[in-house]
Amino acid sequence: MSQSKEDKIRSILEAKNIKSNFQNKENLSEFNEKKASKRAEDLLDVYYNTLSTADMEFPYWYNREYRKSDGDIPVVRRAKALKAAFSHMTPNIIPGEKIVMQKTRHYRGSFPMPWVSESFFVAQGEQMREEAKKLASNTADELTKFGSGGGNVTESFGNVVSIAGKFGMRKEEVPVLVKMAKEWVGKSVEDLGFHYEKMMPDYDLKENLMSTLICMFDSGYTLPQGREVINYFYPLNYGLDGIIEMAKECKKAVAGNASGDGLIGMDRLYFYEAVIQVIEGLQTWILNYAKHAKYLESIETDLEAKKEYSDLVEILEHIAHKQPRTFREALQLTYTIHIASVNEDAISGMSIGRFGQILYPWYEQDIEKGLITKEEVIELLELYRIKITCIDCFASAGVNGGVLSGNTFNTLSIGGLKEDGSTGANELEELLLEASMRCRTPQPSLTMLYDEKLPEDFLMKAAECTKLGSGYPAWVNNSNGTTFMMKQFADEGMTVEEARAFALGGCLETSPGCWKQLTLNGKTYSIAGGAGQSAGSGVHFIANPKILELVLMNGKDYRMNIQVFEPHNKPLDTYEEVIEVFKDYYKQAINVLERANNIELDIWRKFDTSIINSLLKPDCLDKGQHIGNMGYRYNATLNVETCGTVTMVNSFAALKKLVYDDKAFTIEEMKDAILNNFGFKDALEVGNYSMADQVKVDKTGKYDAIYKACLDAPKYGNNDLYADNILKNYEVWLSKVCEEAQSLYAKKMYPCQISVSTHGPQGAATLATPDGRLSGTTYSDGSVSAYAGTDKNGVYALFESATIWDQAVVQNSQMNLKLHPTTIKGQQGTKKLLDLTRSYLRKGGFHIQYNVVDSETLKDAQKNPDNYRQLMVRVAGFTQYWCELGKPIQDEVIARTEYEGV
């Protein structure tokens, strides 16, 4: 009798003396027929037993060719470097794989890009070298130190050095990394950015904002691409040979012709040459895998496995040149192109887009011809899920853990509408849901673009998937998304039809797309794909509660002893004065961060611009211009990201109520209580980052009254206009302020209101707040989720609070709910979940996502992480393995209000 997936994993873990527990057993039992294929289970086992590995092969060949081509046109020089790197990647095929290729020669991992950012490796170079020397004498016992981070290499062991708290690198590769990093000192995007940023007269303010974590990180060199939607149209419609031929013809037409533009018109020749160079590198990479598959076929003795290798050879040799003929070939090509895209740059959030609609032409024709069965399609999609989950993003420890939580945000959107306004749901999208229910991996996360035109059975299927506790699909209001597209991109020619092509880029960034006409075997299909720049580069995460803290502290950060803003020297005698100073500080922050980011991105586009993503997205090939020259159709995508909105709103409400309306306490008494953390230890000392289990040190009771009053003050999420109107006023103001900001492309910006994981580290950097939150504890998640435990009047009261403002005028908002599994048990429970979701979206909510798990399970998983290797939770726009999350985020998820009735 065959084992279930859970039994299989349990047996593997128990063989290592690890106990296994599974979330949502009651809901899982409803769908106990949902099992991944044996092949997918085996490959998932490989993933569970694989560590994230940093590899120097790609950067070595990139760097070598880049030096060799010194003096060439920058975009061509970069293309040659990418070509060399792809051409020399060592192929690695795991037994049983039907979808092959990966970021590096390792099953899971990534690589550093010192040409983008090298300071971390230079600064840590000596430490890493010393650690590499020391490791030679380490004993096997030190292996036991690792484990609680899942696949993260959080500590060095054996022959492996931990880098950025996530990746393991073989000690012999460390000197190569350090040497290469030193070569880029003063030349990297990061260093050049810093050099020119310092020419801003208010550069010190920018540095202070970064040092105090009011701003989380510089996006211009950390993650310059991503949080956008890829476009697979050109490879799928023309094949790689076809794109080369197109570029060659365009070269002939534009060589020496400025076409009325004496500046960038001449750049077209160099861009088309760069396209040819890069695609030739991709073709070599694919064909190297074909050669490797042919070799494996030659030594394989099992006839079935031998045939599988033979099939891989045929598929890879074909897609290296031509339009895919079958569903499997199309799936392999899109996956290959996706890996190529994320290998080009430091990228997180290169989202897949409307995948079920993109691959539908091949699915439809293969099914009609009897070339494939639905079960075979589901297995391929399961294997695809595992491969996407293997993608890692190399970034600093602060970005990887503090922002991304190790996630890469390859979001796949389902539902929505077609170009003509009819439902976008199709049978392949149902199979995507089925595959995600059988093979529960964090990637690709699913997002349902909810529209009233979508079929009920399709929506019920999605609700069933959500019930399993994997955190997806998240639900997004399709109407809100198209409204925002029309508002933000009207100046660039956005139409209603094209607005329907949007999808989610990254975890929750609404990203513009377009429709292209794909022809397969004489039949034409309209498919959507990305058509815009990064929808998540710009000002990266302003800590709203921290700005308020500095208002109260006269511009000074007492934790760091830094005078961040010029002292306002105002007595703050009125609530209006507090608001006035807050707005002034906030606008100062946006302004200086916007200009610094513009400099960083300008240097990036000049020296490290995208070629792969440029050739993929409209209208770069038509214009002959890369992303840096606004080759994309839509360029008004850069944003201002914020964090801790509800913590800020609750704090304003407490100040207004206690200090200014009721006059129960003076502003000085409030400041004193905040500076002394209401008589408690800092969360960093306690080691718990939610409000639970905090330790009181003041024995006099000096702060008891004000602390209780702050906790009892009006809170957002209870349909109480006292607090909710503060949110409304803030949102209206923020939208206008962001529109006044201007990106390097001279386009207006807009608010992006997601926390990802920044509410952990930014909360850790913030003193106590007037709402009663203690120093160092995590902020509220998302942007319209209630602060943990403060939503007392039920979920529908929370919905009323969240929709007090027009969520369609900004890029996004974020609502997280935690439901006990028994709340939505059975078919009626599924309907209840769908009705709950509908209720919020029909009221104008933009986004809602669910954790269907009980808090006791999470608490046990925190104590015994190795027992819950496959447990996943929804954080803030993304799903991640519990054991790969940092403790501040774990504490926040545990503390969220758990609804047992809806």
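From the backbone N, Cα and C atoms, a Cβ is placed for every residue, glycine too.
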Could you look at Cys507, Cys514, Cys620 and say which one Swiss-Prot places alongside Ser348, His540, Glu641 in the 4-hydroxyphenylacetate site?
Cys507
Highest CB neighbour count within 10 A among the binding-site residues Cys507, His540, Glu641?
Cys507
4-hydroxyphenylacetate binding residues Ser348, Cys507, His540, Glu641: largest Cα-Cα distance, in Å and rounded to whole number:
16
Can you name the residues of this chain that are 6 or more positions from Glu509 (active site, proton donor) yet have a C-beta less than 8 Å from its C-beta?
Arg227, Glu228, Gly349, Ala535, Gly536, Asn639, Cys752, Ile754, Gln811, Asn812
Let me know how many other Cβ atoms fall within 10 Å of the Cβ of Ser348 (4-hydroxyphenylacetate binding site).
27
Looking at the domain 'PFL' (38-774) alone, can you tell me the average pLDDT?
92
In the domain 'Glycine radical' (782-902), how many residues does DSSP put in helix, strand and coil?
57 helix, 18 strand, 46 coil
